[in-house]
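Undergrad: Quick one: the structure is below, and I'll ask about it shortly.
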Amino acid sequence: MYVAPRPRAEDDPLFPLRVGALCAAMFAAIQVLDTQMPALTLALPAAFVLGLRGAFNIGKIIGLGIAAPILTLVLSWIFAVTREIPWLMILTTFVLLLGGIHLARQRGNNLGFIIAIITVLLSVMSLQNRAFLHVIRDELITDSIAAAIIVTLLYLVLPPKTKIIHDDRPQTATQSLFAGSVLRAGVATAYCFWLYLVLPPQDLIIALTALFPLVFPGRSAMINEAKDRLHGTVIGLALVMPALVIFATVPSFAVMAIVVALVGVGFGWGVMHGRMPPMVYQFATTTMLATTVTAMASDIAMQALISRFALTLTGAAGAVLAVMLIEETFPRFFKREPTLEPTPA
């Protein structure tokens, strides 16, 4: 799995401004697109642009604006066909997660991770009913295309200084590759059905946190990812309450767009210069955005905050602990991955 290094100020001095502008633009897109899942509209594009480094990469934009919608169409059709047969749907979910996770762990390919994310979203929604499946399908397609257009415009208006396209160097698994992928796919499949039981459909995006650590090779990388995600969640939640106070005082969508833009600039600066790992600030950004719009649409804002933290802790920690426990119980099948050095800043 690829972890983006810390961006260099000399290569991309406008990085924080671009992050803030994206947050404001996607926040405004919620109104324009009349989205039914605003957390999805905000969080996924923010995570995408926060992971970009170097000069504008048209290949990644094509992946976001074309490949992701096509994958969504294909996978949504598969789930629409299999949802009426429970055992077949469970098997389909497992196979798709296995393919995505294995691809991500074997080659560090983001395509595998995208397949896994879309599979989780579509599988849980298809368990609700066919209408929910169509909603998440349309949301993913619309949001992907809108994000690709907005990100392209932002790179034209606020371009990086460097002209060099960043060369991603992902970390890949080398030990017990297929067995490890099968284990992680099984844990992720069980997690999907747990989400169906405990989580309202509109809050689904906030529970993807458990999926991120599972695609990382080795236990140390998986644990570090879970720790960074937990730290980022706490920081993001700490800023949600002040944002909601502002919204309660001045209930204006435009004011909130400015607030999230300022938060985006601040976290973007943290990614570049902060004391903590850059991934912590990236997670904090998506947490703040998704939880803010979720709480704004909720009758009880505090309940949304508590739900966010509980799901993050239970999902990320529970998935990692389940994988580690099974690997320790059956060491014959799961060899330890050598400790991997973090991506240099």
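Every residue gets a Cβ built from N, Cα and C, even glycine.
Okay, these came from TrEMBL:
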type     : residues : note
DOMAIN   : 192-321  : domain 'Integral membrane bound transporter'
TRANSMEM : 15-33    : transmembrane segment
TRANSMEM : 39-56    : transmembrane segment
TRANSMEM : 61-79    : transmembrane segment
TRANSMEM : 85-104   : transmembrane segment
TRANSMEM : 111-128  : transmembrane segment
TRANSMEM : 140-158  : transmembrane segment
TRANSMEM : 178-198  : transmembrane segment
TRANSMEM : 204-222  : transmembrane segment
TRANSMEM : 234-267  : transmembrane segment
TRANSMEM : 309-326  : transmembrane segment
Undergrad: Flag the pair the transmembrane segment (15-33) / the transmembrane segment (61-79) as in contact if three or more Cβ pairs fall under 8 Å (sequence separation 6 or more).
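TA: No, since the transmembrane segment (15-33) and the transmembrane segment (61-79) share fewer than 3 Cβ pairs closer than 8 Å, they do not count as touching.
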Undergrad: Would you call the transmembrane segment (85-104) and the transmembrane segment (178-198) in contact, using three or more Cβ pairs under 8 Å, pairs 6 or more apart in sequence?
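TA: These two segments touch.
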Undergrad: Let me check one thing: do the transmembrane segment (178-198) and the transmembrane segment (111-128) come into contact, meaning three or more Cβ pairs under 8 Å with sequence separation of at least 6?
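TA: Between the transmembrane segment (111-128) and the transmembrane segment (178-198), which are separate recorded stretches, there is contact, as judged by 3 or more close Cβ pairs.
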Undergrad: What stretch of 39-56, 61-79, 140-158, 234-267 shows the most Cβ pairs under 8 Å to the transmembrane segment (111-128)?
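TA: By Cβ pairs under 8 Å, 61-79 leads among 39-56, 61-79, 140-158, 234-267.
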